[in-house]
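As recorded in TrEMBL, the features of this protein are as follows:
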TRANSMEM  35-53  transmembrane segment
TRANSMEM  65-86  transmembrane segment
TRANSMEM  98-120  transmembrane segment
TRANSMEM  156-177  transmembrane segment
COMPBIAS  211-221  compositional bias 'Basic and acidic residues'
COMPBIAS  286-303  compositional bias 'Pro residues'
DOMAIN    453-653  domain 'FtsK'
BINDING   GLY470, ALA471, THR472, GLY473, ALA474, GLY475, LYS476, SER477  ATP binding site
COMPBIAS  827-851  compositional bias 'Basic and acidic residues'
Amino acid sequence: MVRGAYLGIAHGLGAVTRTITKGARDLEPEHRRDGLAFFLVAVAIVVAAREWWAIPGAFGDGVHAVVAGTVGLAGVAVPVLLLWLAGRLMRHPERGQANSRVAIGASLIVISVCALIAIAEGTPSPRDGFADVQDAGGIIGYLTATPVVIGVTEWVAVPLFLLLGFFGLLVVTATPVHRIPERLRGLYDRLTGNHVDAGAADDELQLADGVSRHDGSDEKKPRRRRRKTKAQRAAEAAAAELDEYAGDEAFEKAATTEPGTEGGARGKAPRSAATQVVPTGATKPAPVPAGPVEQAPPEPRPAPAGRAEQPMLSGDTVYVLPSEDSLGQGAPHKTRSAANDRVVEALEETFEQFGVDAKVTNFTRGPTVTRYEVEVGPKVKVERITSLNNNIAYAVASADVRILSPIPGKSAIGIEIPNTDRETVVLGDVLRSSAARRTEHPMVMGVGKDVEGGFVVANLAKMPHILVAGATGAGKSSFINSMITSILMRSTPEQVRMILVDPKRVELTIYEGIPHLITPIITSPKKAAEALDWVVREMDARYDDLATYGFKHIDDFNAAVRAGKVTPPPGSERKVAAYPYLLVVVDELADLMMVAPRDVEAAIQRITQLARAAGIHLVLATQRPSVDVVTGLIKANVPSRLAFATSSLADSRVVLDQPGAEKLIGQGDALFLPMGAAKPMRVQGAWVTESEVHAVTEHVKSQLKPTYRKDVTAPAAAKKQIDEDIGDDLDLLLQAAELVVSTQFGSTSMLQRKLRVGFAKAGRLMDLLESREIVGPSEGSKARDVLVAPDDLSGALAIIRGETTPAYDQEADDGSGSAGDPYADGTDGHRPPTAVDYHDGADTDAENPVR
Ligand SMILES: Nc1ncnc2c1ncn2[C@@H]1O[C@H](COP(=O)(O)OP(=O)(O)OP(=O)(O)O)[C@@H](O)[C@H]1O
C-alpha cells in the first residue's frame with residue numbers, strides 16, 4: 001500500500017512537472033527571459049534576507065550554508081550581483097550573446113574575489129571545520145586559492161587573482177585593453193555630467209537664452225547647468241530609442257542638418273543666434289562685431305562616442321569600431337572674415353551704381369561660399385537684382401555667383417559668392433557633430449557642411465538610392481571616400497556589407513580587403529554588370545524571406561530574428577540570421593553603361609524599384625551625367641541626387657532637373673537634393689585624407705578578414721537556357737519582339753494580325769514581352785509602352801534566346817571569384833543562396849537547405 005501511494009504521488013508530481021516545463025517551452029522567448037530575471041530577483045531577496053538581515057529559521061540556515069559555503073564572505077554581494085543581472089536581462093533581452101559574455105566576466109570576478117578573501121583569511125581547509133571556509137572564500141575560494149598558494153605562495157597568488165579579476169572586469173564591460181583610457185574618460189564625463197554632446201547642449205542654451213554662445217558670462221552659469229541636465233535627459237531618451245532606430249530624425253529623413261554656427265551680423269537688421277535657429281524666438285539684436293575677423297569659438301571637443309558596449313558579432317566576438325581619433329579635427333569655423341566685409345561693400349556699391357534700392361542685411365558664411373542676404377526697398381523689382389548677376393560677378397571678381405530668389409523660407413534674396421579664404425570640412429568633425437551622434441544607425445554618413453556652417457549628415461538607407469554626378473575633379477571620389485569611411489567608422493560587417501565597383505581602378509583600391517566587402521573590389525565592367533544581376537537575385541531572396549515570414553521591411557525581419565522570433569520551417573537546418581544592409585557603390589556608371597547598357601539599366605531599375613525594403617541601396621556616380629548614361633529610367637528610380645560642379649547647364653539639368661550645378665566651384669562644393677526635398681541644399685563635401693582612410697581600413701582589416709561570396713560575379717547559369725515559360729513559342733516570341741520594337745507599337749491586335757495567331761496566344765506573347773521588360777504593363781484598350789529602343793533590339797532578342805550580350809562573351813574571365821556555378825546544387829537556378837549566412841563564407845551556400 002505504501003509503495004503504491006509513493007508511486008502514485010511520484011507519477012502525479014512527474015506529470016505536473018512535465019506539463020509546466022512543456023508549457024514553459026511554449027512561452028514567448030521574452031517571457032521566458034523575464035521569468036529567469038524574476039527568478040533571479042526572488043533568489044536575491046532570499047539571499048539578502050539571510051546574508052544581510054540574518055533572518056533566522058531553518059530555511060535561512062540552509063540558504064546560508066549554500067551561499068556562504070559556495071562563495072564565503074562574498075555572499076553579502078550576491079544579492080546585488082543577482083539584482084544587477086536580473087535588471088540587465090529585463091532591459092536588454094535581445095542581447096543574449098552580450099548577457100552570456102557578462103556572465104562569464106562576472107564568474108571570473110567572483111572567482112578572483114573568493115580566492116583573495118580565502119588567501120586573506122589564511123586559506124582555511126574544510127578539514128579545519130566548514131565554518132572557517134564559510135567565513136573565508138567559501139568552497140570556490142578554497143578550491144581556487146589553495147592550489148595556487150601551495151604552488152607559488154600567496155605573494156604570487158594575490159597579484160595573479162587581482163589580474164584575473166581585472167580581466168573579468170574588462171570582459172563584463174566589453175573593454176579591450178587599448179580602449180581603457182577612453183572608457184575611463186567616458187566614465188569621468190558621465191560622472192561629471194559632461195557626456196552629452198557639448199554642441200547640442202549649447203544649441204539649446206542659445207534657444208533659451210537668446211544670446212549667442214560667445215556671451216557665456218558668469219551669471220549664466222547656473223542656468224547653463226540646469227539646461228545641460230535637461231539636454232542630457234533628452235539625449236538619454238533619444239539613445240533609448242536608437243536601438244530600434246525608430247523615430248530618430250536621421251532615420252526618418254534622408255538628410256539631417258545641424259543648425260550651423262552663427263553667421264556674421266551686419267546691416268540694418270542684424271540677427272542674433274536665436275533668430276537663426278528659431279525664427280519666432282525672442283531676439284536681442286546683436287551688436288555689429290567690431291573686429292574685421294570673427295571666429296566662432298572652436299567646437300568643444302566632444303566626449304568619446306559613448307557606446308555603452310562594442311557591437312557584437314555572431315559567435316560572441318567583440319568587434320571594435322575604429323576610434324574616433326582616427327579622423328582628425330579641422331580648423332574652427334569662421335563666421336566672418338575680412339573677405340566677407342569686402343564683398344558686402346562691393347555688393348552695396350554695385351547696387352548704388354545701378355540705382356537699385358537694396359541692402360545686404362545679413363550673411364551666413366559657409367565653408368566654401370557665403371550667402372549674402374539682400375532685401376530690396378519698396379517698389380523695387382526682384383528681377384533687378386537677378387539681372388545684375390554679371391555685374392555682381394565682376395564686382396566681386398568671381399564667376400561663380402549664384403543668386404537664389406528668394407532664399408527658401410525667407411523674404412530675402414540670397415547671393416552666394418565663393419569665399420576667397422575657403423575652409424576644408426573635415427569628415428571627423430562631421431561625424432562627431434551632434435547631428436551624427438543623434439543616431440547610431442549604421443548607414444548614416446557625414447556629408448559635409450551647409451551654407452550656414454551646419455553639419456549635414458545623411459542616412460543612406462533613407463535615400464534609398466543616390467546618384468552622384470559632377471565633372472572630373474569636382475569631388476565625387478572624395479565624397480565616396482567620405483561615405484565609405486563614415487560607414488566603416490560606424491558599422492560592423494554584420495550590419496553593412498558592400499559591393500564596390502571601381503572601373504577606374506584607382507579610387508577605391510584602398511578599401512581592398514576590408515571585411516565589409518562581399519566580393520573583391522570589382523574593376524571589370526563585365527563583372528560589375530554580373531554583380532548587379534546578383535544583387536537582383538539577392539534582393540529576390542530577401543523578398544522571399546520577407547514574404548515567408550510576413551515582414552514588410554528587412555529592419556522588422558532583423559528585429560524579429562534578434563528577438564528569436566523567426567524560426568525556420570520544421571525539418572529545415574537553416575540558421576536564420578539578420579540580413580546586413582547591402583550598399584552597392586558604382587564609381588563610374590558610364591563604364592558599365594558602355595558594356596551592357598540594357599542589362600545594367602534593367603538591373604538598376606529592378607533594384608531601385610524594390611530594394612529599399614530589402615535593405616539594398618545603390619550609389620551611382622558618374623562624371624558624364626549625359627542622357628545616355630543617366631537614362632530616364634535610371635533617373636526615375638534614383639530619387640536622391642548629389643551634384644558636384646558640372647561642366648554644363650545641360651548636365652546640371654540631367655542630375656537635378658534644374659540649373660545650378662554648373663555654377664558650383666569644384667573641390668567638394670555640391671548641391672544635394674535628398675529624396676523628398678523640394679530645393680537642393682548647397683553643401684561643402686567632407687574631406688578625408690588618405691592617411692585617415694588608411695588608419696581606418698587598417699583597423700577594420702585587423703579585426704576580421706573578409707569572407708567573399710564566390711557567386712557575386714559569376715554569371716547566372718539560367719541565362720544560358722531558354723526560360724521555361726517560353727516553351728515552344730520561342731520563334732513566335734522573337735518575331736513578336738521584333739515587330740513590337742521595330743514599330744514601337746505594343747498592340748496585341750497587331751500581333752494577332754501580323755503573326756496570324758489567336759487572341760489568347762497574342763495576349764500570352766505580350767505577357768512574355770512584359771516579363772522581359774520589352775513592353776510596359778497593360779493599359780486597358782491602349783497600346784502598351786515599348787521599353788526597348790529599335791537600336792537595342794539585338795540585345796533584347798539575345799536575352800529572350802537565353803544568350804548573354806556579345807560584350808559579355810568577349811570579355812576574358814580573369815578567374816577571380818567566378819569559379820564554379822554556385823547554383824549547381826539542384827536548385828532552380830534563379831534563386832540565389834540566401835544571404836543569411838554571410839559569416840560562414842561562400843562555401844556554406846550550397847549547404848543552405850532553405851531556398
Ligand atoms: N570635399 C573636399 N574638400 C576639399 N577638397 C576637395 C574635396 N573634394 C575634392 N577636393 C579636391 O579636389 C580634387 C579632386 O577631387 P576628386 O578626386 O574627388 O574628384 P572627382 O570628381 O572624383 O574626379 P574624377 O572624376 O577625375 O575622379 C581632390 O584631389 C581635392 O584636392
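Including glycine, each Cβ sits where the backbone N, Cα and C put it.
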> Whose Cβ lies within 8 Å of the mean position of the Cβ atoms of GLY470, ALA471, THR472, GLY473, ALA474, GLY475, LYS476, SER477, the ATP site, other than those residues?
Replying inline: GLN623, PHE644, ALA645, GLY666
> Using a Cβ-Cβ cut-off under 8 angstroms and a sequence gap of six or more, which residues of the chain neighbour GLY470 (ATP binding site)?
Replying inline: LYS476, GLN623, PRO625, ALA643, PHE644, ALA645, THR646, ALA661, LEU664, ALA670
> Other than its close neighbours in sequence, what residues sit by the transmembrane segment (35-53), given a CB gap under 8 Å and a spacing of at least six beyond its ends?
Replying inline: 24, 27, 60-61, 63-64, 67-68, 75-76, 78-80, 82-83, 85-87, 89-90
> Which number gives the other C-beta atoms within 10 angstroms of the C-beta of THR472 (ATP binding site), all protein chains shown included?
Replying inline: 12
> For ALA474 (ATP binding site), which residues of its chain lie six or more apart in sequence with Cβ-Cβ distance below 8 Å?
Replying inline: GLN623, PHE644, ALA645, THR646, LEU664, GLY666, GLN667, GLY668, ASP669, ALA670
>> Do any residues, 6 or more residues outside the transmembrane segment (156-177), come within under 8 Å Cβ-to-Cβ of it, and if so which ones?
In response: 98, 101-102, 104-109, 111-113, 115-116, 119, 144-145, 148-149, 183, 309-310, 318, 320
> In the structure shown, with every protein chain counted, which of the binding-site residues GLY473, GLY475 has the densest set of Cβ atoms within 10 angstroms of its Cβ?
Replying inline: GLY475
> Far apart in sequence but close in space: which same-chain residues, 6 or more away, have a Cβ under 8 Å from ALA471 (ATP binding site)?
Replying inline: GLN623, PHE644, ALA645, THR646, SER647, ASP651, GLY666
> Including all protein chains shown, what's the count of other C-beta atoms within 10 A of the C-beta of SER477 (ATP binding site)?
Replying inline: 22
> What average pLDDT is reported by the model for the domain 'FtsK' (453-653)?
Replying inline: 89
> Looking only at DSSP and grouping its letters into three states, which state does GLY475 (ATP binding site) belong to?
Replying inline: coil
>> Helix, strand or coil for GLY470 (ATP binding site)? Use DSSP.
In response: coil
>> Let's check the environment of LYS476 (ATP binding site): how many other CB atoms sit within 10 Å of its CB?
In response: 25
